[in-house]
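Colleague: The structure follows.
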């Protein structure tokens, strides 16, 4: 079950996805967070963010639209309260960082990468729910690469770049950030979507549009990871609708080296530990000695 | 809080599109505060994907049963309305902060105000208050006569005033109209107020009682994702002077002190 990516050793390849697990406190009420391979914590910005107006979620068949808007308590609070609280768990922390300008991102990266229990950074250039920053950094290969370079200059820890599926050619962006020094990729973030209330004839989300997650987007994630993993030499943390051990295997076959579980945590707070147990059983049953032998097996001969 | 599987005892229509589902199991033995809610997986599979927050309307720990009263609004509650005796329901709870009742003293007067599907949690609240010797008055409002429910049950614990918007049952108008009629604007007829109902009703109550120094609590509703405080979908801004900038309806609420939250 052990995997190693960008120098990080994980006891298993399962982690909760950023934005779907807060800073761990809520789910620590249900199980020991040391069960997890890693934890990708909520996106952090320099200043506290209030996020978008409500309603912030809407449901779709097999999916969920959200427009939270990167609400978070801000870098100082995260450094003083959230990350120290997580020290009690021997579990690698991946700090997701976001910003409005390059300077914002750099400021967060510089300080948060110095925190002892932060094992890696995840550069959020793909949030679809904020008017500045977020996805605007992730849809242009030059801008994405420039930001990656700046973050690499200040980060003491490996940098994963979280890619958006809302682009014409994800491979170009992936190669650009790899060339800029990214240590790994996280893919995919949510797909931009929308729902309209039939009665009011208005969008359900106050932000009008939101990011689609959940099982509905899994085929898109599998396709993109399949495409990208054949073109880059850095590891990919796969995500997008994972709900079961079988889903995890499919992501590995497509080329992922670890996976993050997002929306499934909302449906079942025990989603991550359940998937970890089922995955172990699946590997035993199928006679797979190490899950790493499945990475990219879907396209390798 | 934890996940549990409870068995359906009954699931019956009690008003227009409104059902009462009774669930049974050892899980009910835990402490459940009036105003707390359950996050219910309405059907198997991924459509609908998310759980639905539904308030607990009554608890009977000798029979290990709890009731939820819900209105069919969409696909999730439609599926739930089709559950029959013997089916199992996957739920998460009890969640949230309920109505504070620990400080209530015998002889105090509680005013319970409910609108539509905000009425159900008031039943368990009324039962618990009555057991403490608190005098309970309920004011409940609905759209029209065929939507009225719980009038009789609430009547076991004190006076009940019913109002309908179209006047087809009880008084004619909104609960706030009835409050004017019954209590007047300058009222001293109660010691504590508990309310649950649609946002415009809660806003009206907040405007009206903002300046009183009496205890008053509102139970809020908001579209939720996780139900446990992680996803930040269900927030309300906190009132000025609070130690928070926002509150999460699922874990900081759903019950809030009337002056603490901005209803926007």
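First residue shown is number 1, and so on along the chain.
Glycine too: its Cβ is placed from the backbone N, Cα and C atoms.
This is the feature table in TrEMBL:
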- B:1-101: domain 'FAD-binding FR-type' (DOMAIN)
- B:52, B:53, B:54, B:55, B:69, B:70, B:71, B:76, B:77: FAD binding site (BINDING)
- B:226, B:231, B:234, B:250: [2Fe-2S] cluster binding site (BINDING)
Colleague: Using C-alpha atoms only, work out the spacing between residue B:77 (FAD binding site) and residue B:250 ([2Fe-2S] cluster binding site) and round it to an integer in Å.
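Modeller: Spelling it out, the Cα of residue B:77 (FAD binding site) and the Cα of residue B:250 ([2Fe-2S] cluster binding site) are 19 Å apart.
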Colleague: For the binding-site residues listed here, B:54, B:69, B:231, B:250, which shows the highest count of neighbouring CB atoms within 10 A?
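Modeller: Neighbour-count leader: B:231.
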Colleague: Within 8 Å of the Cβ centre of B:52, B:53, B:54, B:55, B:69, B:70, B:71, B:76, B:77, which other residues of the chain have their Cβ, at the recorded FAD site?
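Modeller: Apart from the listed residues, the neighbours are B:40, B:68, B:73, B:80, B:117.
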Colleague: Could you tell me which of the binding-site residues B:52, B:54, B:71 sit with their CB under 8 A from some CB of chain A, listed in sequence order (or 'none')?
Modeller: none
Colleague: State the Cα to Cα distance, in Å, between residue B:234 ([2Fe-2S] cluster binding site) and residue B:54 (FAD binding site), rounded to an integer.
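Modeller: Here the two Cα atoms are 14 Å apart.
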Colleague: Spatially, which candidate from the binding-site residues B:226, B:231, B:250 is nearest to residue B:54 (FAD binding site), comparing Cα atoms?
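Modeller: Spatially nearest to residue B:54 (FAD binding site) by Cα position is B:250.
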Colleague: Could you tell me which three-state DSSP class residue B:234 ([2Fe-2S] cluster binding site) falls into?
Modeller: coil
Colleague: Cβ-Cβ under 8 Å from residue B:52 (FAD binding site), same chain, 6 or more residues apart: which ones?
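Modeller: Residues satisfying the criterion: B:39, B:40, B:42, B:70, B:76, B:77, B:80.
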Colleague: Give me the Cα-Cα distance between residue B:250 ([2Fe-2S] cluster binding site) and residue B:69 (FAD binding site), rounded to a whole Å.
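Modeller: Residue B:69 (FAD binding site) has its Cα 18 Å from the Cα of residue B:250 ([2Fe-2S] cluster binding site).
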Colleague: Just how spread out is the FAD site if you go by the largest Cα to Cα distance in Å among B:52, B:53, B:54, B:55, B:69, B:70, B:71, B:76, B:77?
Modeller: 15
Colleague: Across the domain 'FAD-binding FR-type' (B:1-101), what does the pLDDT come to on average, as a whole number?
Modeller: 96
